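Undergrad: Structure provided below as structure tokens; questions to follow.
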């Protein structure tokens, strides 16, 4: 959807698809690719920006020379603040600016493609159904039914820790997807299946999950490059963000 020179008809779904692709790329930069992103944001370099691309990738680069730019530009100079504050605070700040940029790009396309009031409203509603990057980074992801998902995740985590009957039992519980765990009372099962979200991509469905022992967030195995077979040999799992934070503090 980049490089559009003349008004072309696009649907709300196409703009939303572009939004989700860019969002996924930014999430990778701030979570699973966190160490690589940190190193690329060298404060000694010129003003750098973090770009999310429609194909779910990201890049750190200089702002475009074109004035005015073809698309709204992300926050400028994110690298300068990298070493001036705790890493977690810096990542959170970049996340907030990334959320703002995603919205601006989506509604730029909406204006460019002549969206009316109802189309703009529908686009915002579709975007608003997803947790923001900031919410995912800080662990405050909010969706409808998020409370039941939180309670369910806690039950799943507890079921993997309290019994301590065997190592295999603990691993099986840790790898069980939180939305699939059955409630003992049999209530709110449907709500639980729809609520929990992956700490990396923000989506709420996959066949294989794994829980971080440090931050207690759940992740799709494919998002953190962990297979079921590999997980069987992991006693204490730390997600990429927690692992990166530990290395930076060392």
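Just so you know, glycine gets a Cβ as well, placed from its N, Cα and C.
What TrEMBL says about a protein is an automatic prediction, not a curated fact.
So TrEMBL says this about it:
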REGION    141-193  region 'Disordered'
COMPBIAS  148-159  compositional bias 'Low complexity'
COMPBIAS  181-193  compositional bias 'Acidic residues'
DOMAIN    195-245  domain 'PHD-type'
Undergrad: Across the domain 'PHD-type' (195-245), what does the pLDDT come to on average, as a whole number?
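TA: Looking only at the domain 'PHD-type' (195-245), pLDDT averages out to 81.
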Undergrad: Write out how many residues of the domain 'PHD-type' (195-245) are helix, how many strand and how many coil, based on DSSP.
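TA: Result for the domain 'PHD-type' (195-245), in helix, strand, coil order: 11 helix, 6 strand, 34 coil.
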